[in-house]
Amino acid sequence: MNAQDLKTTFQRLFNAEPILVRSPGRINIIGEHTDYNGGFVMPAAIDKAIYVAISKREDDEIHLFSESYQQFDISSVKSLNKSENSWANYILGVADQLIERGYRLGGFNFYIDGDVPLGAGLSSSAAVECATGFALDQLFSLNVPKMDVALIAQKAEQTFAGVNCGIMDQFASVFGKKDQAIMLDCRSMKHIYIPLKLDGYKLLLLNTNVKHALADSAYNTRRAQCEQGVAWVSEHYPNVSTLRDVDLSMLEAHVKPKDEEVFTKCSFVVKEIGRLLTAAEQLENGNLQGLGNLMFETHEGLSKDYEVSCKELDFLVEAVKPLDYVLGARMMGGGFGGCTINIVKEEKIADLIEELSSKYLLQFGLKLDSYTVQTDNGTSLFN
Ligand code: GLA
C-alpha cells in the first residue's frame with residue numbers, strides 16, 4: 001500500500017487532507033481459545049494490514065467509504081446504530097465505544113482499504129477496529145491509552161459484530177513488533193516479546209478459502225461451555241474464576257460427572273494453556289522441532305476435542321504431517337475455516353504450495369491460497 005495513492009483517493013472522494021493509519025492483521029503461533037479463559041496466547045502482527053484515511057467534517061455526520069465493497073455508509077455521531085452494511089459496523093462499533101466512555105467525537109470522513117484477506121482468520125476485523133480507534137484518537141486528540149485502543153476494539157467486536165471474542169487479535173494488532181512473537185498473559189494482561197528466530201524456516205499460511213457459517217455461533221457456544229465448566233468447579237473452589245485456575249483433576253471431579261462434552265472442551269483449554277508454556281520455552285531455546293510438535297498436538301485437540309476445525313483444515317494439516325521439512329502445522333484462530341499456519345523449510349515452500357494446491361483442488365474443488373508471512377509492527381500512523 002502506498003501512502004500517496006491512499007491520500008489521492010481520499011482527496012478525490014472527500015476533497016480534504018487526511019491523517020493515515022495502518023493496523024496489521026495477526027497470526028497466532030500457539031495458544032488457541034485460551035484468551036477468553038484467562039490463559040496465554042502467542043500471536044504476532046503481520047505484514048498484511050488495514051489502512052485508514054480520516055479527516056474531520058464540519059457537521060456531525062460520519063461518511064465511510066470501503067474500497068473492498070465500493071460502498072458508502074452514512075450516519076451521524078449523534079445517533080450511532082448498527083448499519084445494514086456489516087463492514088461498517090466494525091468502524092461504527094468503535095466510535096460508539098469511544099462515545100460510551102466519554103470521549104467527544106465530531107463528524108468525520110473515513111476511507112478504508114487493506115490487504116488482509118477477509119474471512120481468512122487473520123483478524124482483518126480486529127485490524128479495522130484498531131485502525132479506527134487509533135485514527136479517531138489521532139483526529140480528535142483524545143489521548144486514548146494504547147491498551148484502551150485494544151480493549152475498545154474488542155468491545156466493538158462484541159457489541160456491533162456480535163462475537164464474544166477474547167483480547168488476542170486486537171492486542172496483537174496494536175502491540176505487534178517486527179520479528180517478535182508476543183507472549184500475552186490474558187489474565188494479568190502482562191506481555192513479553194519472544195524473538196522469532198526461524199533459522200532457514202518460514203511461516204507459511206495456507207488459506208482454505210472457506211468460512212463455514214457456523215463459525216460465530218459456535219465460538220460463542222464454546223465460550224459459554226468454558227464458563228459453565230468454571231461455574232461447576234467454583235462451587236467447590238470459590239477462588240476459581242477462569243479455566244486458568246483449573247487443573248485436569250478438578251475437571252474430572254466436578255465437570256465430567258455433570259456433562260461429558262463440557263468436560264472435553266474445558267480439558268482442551270487447560271491442556272492448551274500448559275502447551276503454550278512449553279512452546280514458549282522451546283522457542284526461546286531455538287527448539288523449533290519441539291515447537292512444531294506442539295502445534296500438531298494443538299491441532300489434534302482443536303479438531304477432536306474442541307471441535308472447531310473442518311475437513312478442509314484437517315486435510316491440509318494431515319497432508320504436511322509426514323513431511324520432514326514441515327516442522328509443525330495447525331489450524332489458526334477461531335476455526336471452521338480460514339488458514340493453517342505451518343513452519344516450513346524456506347527452499348521447500350514453492351514445491352509444497354504447488355503440490356498441495358493441486359491436491360486441495362482435486363479434493364474440494366477449491367483454490368488454495370498461500371502467504372509466506374513476515375511479522376511486523378503494530379498500529380501506527382502511516383506516512
Ligand atoms: C478469534 C477470537 C480471539 C481468540 C481466537 C481463538 O480469533 O477473536 O479472541 O479467541 O479466535 O484463539
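A Cβ is built for glycine as well, from the same backbone N, Cα and C atoms used for every other residue.
Note: TrEMBL annotation is automatic and uncurated.
Sequence annotations record features per position, and here TrEMBL assigns domain 'Galactokinase N-terminal' to 9-56.
Counting Cβ atoms from all protein chains shown, R26 (site 'Transition state stabilizer') has 31 others lying within 10 Å of its own Cβ. Taken from TrEMBL, the feature site 'Transition state stabilizer' covers R26.
Sequence annotations record features per position, and here TrEMBL assigns substrate binding site to E32, H33, T34, D35, Y219. Around the Cβ of T34 (substrate binding site), a 10 Å sphere holds 28 further Cβ atoms from the protein chains shown.
Annotation comment: TrEMBL describes S66, G119, A120, G121, L122, S123, S124, S125 as ATP binding site. If you draw a 10 Å sphere around the CB of S124 (ATP binding site), it holds 26 other CB atoms from the protein chains shown.
What TrEMBL records for 89-177 is domain 'GHMP kinase N-terminal'.
Annotated Mg(2+) binding site per TrEMBL: S125, E157, in sequence order. In this view, E157 (Mg(2+) binding site) is surrounded by 25 other Cβ atoms within 10 Å of its Cβ, with every protein chain counted.
Sequence annotations record features per position, and here TrEMBL assigns active site, proton acceptor to D169. Just so you know, the Cβ of D169 (active site, proton acceptor) picks up 30 other Cβ atoms within 10 Å once every protein chain is counted.
Annotated domain 'GHMP kinase C-terminal' per TrEMBL: 279-360, in sequence order.
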Residue distribution over DSSP helix, strand and coil in the domain 'GHMP kinase C-terminal' (279-360): 49 helix, 15 strand, 18 coil
Residue pair S123 (ATP binding site), R26 (site 'Transition state stabilizer') - Cα distance, angstrom, rounded: 6
Neighbour tally for S66 (ATP binding site), based on other Cβ positions within 10 Å of its Cβ: 19
Cβ neighbour count within 10 Å of D35 (substrate binding site): 22
Sequence-ordered binding-site residues from D35, S66, G121, S124 with Cβ under 6 Å of an atom of ligand 1: D35
Subset of recorded positions (E32, T34, E157, D169, Y219) lying within 10 A of S125 (ATP binding site), CA to CA, in sequence order: E157, D169
